[in-house]
Structures are given as structure tokens and as C-alpha cells.
Amino acid sequence: MMEERLNRDRAIKKWIFEISQNIKNEQKSNLKVEQKTTPNDLVTNMDKWVEKELIERIRRGYKNDRIVGEEGFGDTVSEMHGTVWLVDPIDGTLNFVLQNENFALMIAVYEEGMPVQSYIYDVPLDRLYTAIKDIGVTCNEQPIEPPSNRSLGEGLLATNSSILTKDRYKDIRKVTRKSLGLRLIGSAGLETVEVAKGSIVAYIATNLKPWDVAPGILFMEELGLKATQFNNEPINLLDNNDIVFAVPKAHKEIMAIIN
Ligand code: IPD
Ligand code: CA
Ligand code: CA
Ligand code: CA
């Protein structure tokens, strides 16, 4: 089983490097940007191309597996039986379009509902973060050690912007007041990585989609960190979730404040 995961690991890394070359080389003038539901919900021809390329490679090598992709080129999955891949071709599309930095390509592999391999690739910085079940977490092949278990008052916190802009989340803002300060990147994947590295003690975000949270769960598990919904229940990969990724101390404090 481990051999199979390591073979898959080599294949995934190769695909990520090949495909991301094109994201970097593509002339920004050729970018076609479309609005999905709202002016801040965008998709580009590059999001679609990356997802199609990844799905084509997965299907070629792993024909019995099922794939969930943000842009809709995958399968409809209503239970997590067998091997399921979750793909977010560009996490942080708004940043990709407006900043040309702070975005990532993300892949997660689940076996019988259990996370076994996760990849978060910071494309502009060429940093590949991986988590493999029972092996650990790396950045460009260098091991990442578990971060120190700090409390809210000893660290920085990241959230998504809805927590600050939508009134229904105003109670959650109590958490932000207890921390040393707030940071917003605009890519769930890169914010997850900040928790894994210990740069922030927690990432709190609302209404994330399965592909936004799927890789992060294994990063947290492998480092002894927490990944839950706001109500402390496990994250549900078949639905949208309000999530907390955090070191245990900060997680316990956050649960006490919001529940
Ligand atoms: C978004 C980013 C963002 C988060 C949104 C996500 P996308 O992903 O991760 O940080 O706040 O909820 O949808 O759409 O750019 O892949
Ligand atoms: Ca999107
Ligand atoms: Ca995303
Ligand atoms: Ca995306």
C-alpha cells in the first residue's frame, strides 16, 4: 500500500511541475476571465485548463478512481468509497488575476474517506508542500516539524474576508480580538500551510468547498494539529464547511469562544 502511495506521489509531483510551467509561461494578456456567481467569484481559462490537464492524467493512470474538481470536469461524488481525488486547479483565483501571486495548485487523495496524500503548490514561489499519511509533511522535500503549541494570545490568526464583512459572523470576531493580530492571504491552501509552518496559530474560514479544505486535513493530522468544523465536528468532504485549522491550544480556546 505504501509502495502504491509513493508511486502515486512521484506521478503527482511530475504532473504538478509540468502543468505549473504553463501557468507561469502563459501571457497574462491571453487570460480570459469570467464571472461565476458574483464579481469576486471568478474563473479563468487557466483554471479550466489546469483542471482538465490534471483530470486527464489521473484518468489515464488511475481509471477506477473518482475525481472531484472545482470547475466541474470531474465526477459527481456523493460518498467517499474507494479512491477519490479532490482537485483545486488554482486556489486563490482572485489573487491570480489581480496580484499574480498568492495562489496555489492543490490535490488531495482520499482512500475510503481517509486522507492519504495532499499537495499544495505555491506556484509563484515554487514551493511544493506535501503531506503523506504516516510519513509526514515537507516543503520542497525538506521535513516540516510540528509547530509549537501556542495559545491565541501568543500568535497570529488568519481568516477569510466573510468573517469581517458579514454580520452573521460577528461573534467569530471575538476570536480575532484575542490573537496578536490578523492576516488575510486569500488562498485557503496557503493559509493552511501557514498553520502547518507555525507562522499563524489558526486559520478560521467560512463556507469553504470540499477542494479548499481537502488537502489541509492531512497536513493537520500529520503534524498533530486540529482540523474541525466550527461546532468541533469532523469536516465533511461532501459539503461546504465552516472550518478551524489550528494548533491544539488555540483550537481549544477558539471552540470555547464560538460554541
Ligand atoms: C477561494 C480561496 C479563498 C477562500 C474562498 C475560496 P478559489 O478559492 O481559497 O481564500 O476564502 O472561500 O473559494 O475559488 O480561489 O479556488
Ligand atoms: Ca473559485
Ligand atoms: Ca479554492
Ligand atoms: Ca480554484
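Glycine is treated like the rest: Cβ placed from N, Cα and C.
Just so you know, TrEMBL annotations are computer predictions that nobody has curated.
Residues annotated as Mg(2+) 1 binding site in TrEMBL: GLU70, ASP88, ASP91, ASP212. Within its own chain, GLU70 (Mg(2+) 1 binding site) has ASP47, GLU51, VAL87, ASP88, PRO89, LYS209, TRP211 as residues 6 or more apart in sequence whose C-beta sits under 8 angstroms from its own.
When other Cβ atoms within 10 Å of the Cβ of ILE90 (Mg(2+) 2 binding site) are tallied across all protein chains shown, the result is 28. Residues annotated as Mg(2+) 2 binding site in TrEMBL: ILE90.
Counting only residues at least six positions away in the same chain, the Cβ atoms of PHE103, ALA104, LEU105, MET106, ILE120, SER187, ALA188, GLY189, LEU190, TRP211, ASP212 sit under 8 Å from the Cβ of ASP91 (Mg(2+) 1 binding site).
Taking each Cβ in turn and tallying the other Cβ atoms within 10 Å, the top scorer among the binding-site residues ASP88, ASP212 is ASP88. In three-state terms derived from DSSP, ASP212 (Mg(2+) 1 binding site) belongs to a helical segment.
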